[in-house]
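Down below is the structure, laid out as structure tokens.
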Amino acid sequence: MDKINPDWAKDIPCRNITIYGYCKKEKEGCPFKHSDNTTATTINDVPPPIDVGEATTPTMTSVPKFNAKVSASFTPMTVGSDSLTTVTNTTSAATNATGNIAMAATSATASTVNPMINPIVNSSLVNNNNNNSNISISIPTTASSSNYDPFNAPIFTPSSTSSIHTNANAHSFPFPSIANSGGININATDDNSNNMSMANNVPPPMQPPPIESSNLKYPRIYPPPHSLLQYHLYAPEQPSSLKSLLKPNERSADQLFIPNNIREDLTKKNLSILQVFPSSGKVIPSIVQDYFNLVPLNFNNNDFLNKTTLFKVFSNYDGKAYVLKRLPNIDKSMNPNKISKIYQIWSKINCTNLIKFRDIFQTTKFGDLSICLVFDYYPNSLSLYDYHFVNFPKFPITNNYLWIYLVQLTNVINSIHSQNLSIGNTLNWRKVLITGDPGRIKLSHCNFMDLLFNDDTDTVVSSGGSTIEGQQQLDYKYLGELLFNLSINIENSNNNTAPKEYRLEEITPQSIDDMRQIDDKFKDVLKYLISDNGDSKKSIHDLTSHFYDKMFMVLESSQTYTEYMESVLSRELENGRLFRLVNKLNCIFGRIESRIDINWSESGTKFPIILFYDYVFHQVDSNGKPIMDLTHVLRCLNKLDAGIQEKLMLVTPDELNCIIISYKELKDLIESTFRSITQ
């Protein structure tokens, strides 16, 4: 190979720079050109004018290449006193030039492009009365870089000033103001620039109003808003006025999938379960005992660390989500045997209307000696008070709701009293949670505090003592107080009026008779619950004798809802079957090895699979426009999965050849092809 002439190659860019970003032969005598801008340019050196009407195309040599091997990690620029420079026109000839573009550099010498530096180009548009235009573009010098802390960064506040300025000291887009920086204020309003832009009929761009940074208090909860599940982007159901009448054997597309309300509810619950709270471990510990990823559920309290708090946690044993209730500042002299006895007693209770108690332990992870109680987690659950009086949209209280609540709470009392325990004053409308429809409720927790701080635990759980029997009799009164407060606020649940809460000593038989919103049978139940029977004691048997007929109504509604959910699951089961069939088709269709296999050619045995795939998923109308018919897809996949003897005609894209084949033959061909891949 002949030697390269250095005089001829010195003006030709090196190909290694273009391809790789660098040339390893540069220091060994590579004769080609390795740097583009080696000449010095001063501020007074004005390049030759460029005709605006003439189109210019940049060459490959003028475009810098990114070198990933020598580039450093991204470091944001900080605004300093030397970060911006003001460019002024030094000659009157440049200002009076018509249709010329002047490029001014801020440094004495122009260097090659460094990927570590991201210069901000600031442009100012000036139009004078003589219709002479001069577009001046300035590139600021490299600002001093510093370490960026995302947790201590100021909240972004958009600027309300115009982004078109004649002063080069202002950026063309807003920045958060930096106090005590010693540099210029890039959010300051330039009166001269605003007046000039208005004088030349340059309308300022529309920008959002300024937002006070002190009012932006968002909890840093993962996932961020941009990765939330977009359940609301599904197509809504058609209104009843637009739905066509279907025959008994016909189905619409909405009837083939899960209903929208159930899908959205389950999606929101899954999102609540999967949310985590990235904490530094200073305020909220990362791991407590066998639980991790603590997410506060009541972090709106002012005194967060000194109050009873609830956390959503994940277990190391099974990976499921639970609720951890922390009781702070516990006496160090507490007997550990008392804690173990509480767990042994309450963990035996299995009631569908009582949240299951899972674990109890002591910990010092919160900076003090705390007792933690672990329960099952029900996402997006609301208390009776929030469900009917606070949450939007409100669900009004009806007589059917009252009977449903009474039956379920009676079941809780029966389960707890059968274990020789009592509920206590936790039986109120802020401790009873709505976990689902129709009116399914669960009692959150019972009197653990009394058991923990009672000096004599044996008297609380004794079977023959008067203490436990007296507390069980109080449970009936607490139930009557809860139902009375719900009944008397039926009208308040339909409007925005605040609910009235009555104490037990304020409820009288006369106040029950004065209520017109409930029937007489429910009034008899309330009178029985709040009355003092003297020597005779209340019991579950006597209580249920007042509304045994209503228990059948609750049982019937529960059975109906169970059958409805089973029908929904059966439809999803069919959809899962079709999903597996689509996976099989995608596994065998379009593989690289099939391009050279003669069996996949037009004369091959597996060519009908290609035609069937196009027939199902690549539909076109008579004009060749792509269309999507979900009914056609489901019908073909169901016939293929059943393997019926019905035949169909598959046509090639050029419409020159066709194949007549049955769904059974197609199914056998797909199954054999899939087995040949997996084996």
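Quick reminder: no glycine exception, Cβ is built from N, Cα and C everywhere.
Here is what Swiss-Prot records for this protein:
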type	residues	note
COILED	549-587	coiled coil
MOD_RES	Thr57	phosphothreonine
MOD_RES	Ser252	phosphoserine
REGION	588-679	region 'Knob domain'
MOTIF	143-163	motif 'PABPC-interacting motif-2 (PAM-2)'
ZN_FING	8-37	zinc finger
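Within the same chain, residues at least six positions away from Ser252 (phosphoserine) with a Cβ under 8 Å of its Cβ are Lys243, Leu246.
Proximity of distant same-chain residues to the coiled coil (549-587), defined by a Cβ-Cβ separation under 8 Å and at least 6 residues beyond the stretch ends, is recorded for 255-259, 262, 400, 403-404, 406-408, 437-438, 521, 609, 613, 634, 637-638, 640-641, 670, 674, 677. Following the DSSP three-state reduction, the secondary structure of the residue listed as 'phosphoserine' is coil. Each residue in the motif 'PABPC-interacting motif-2 (PAM-2)' (143-163) has a pLDDT score, and their mean in this model is 43.
Broken down with DSSP, the zinc finger (8-37) shows 11 helix, 2 strand, 17 coil.
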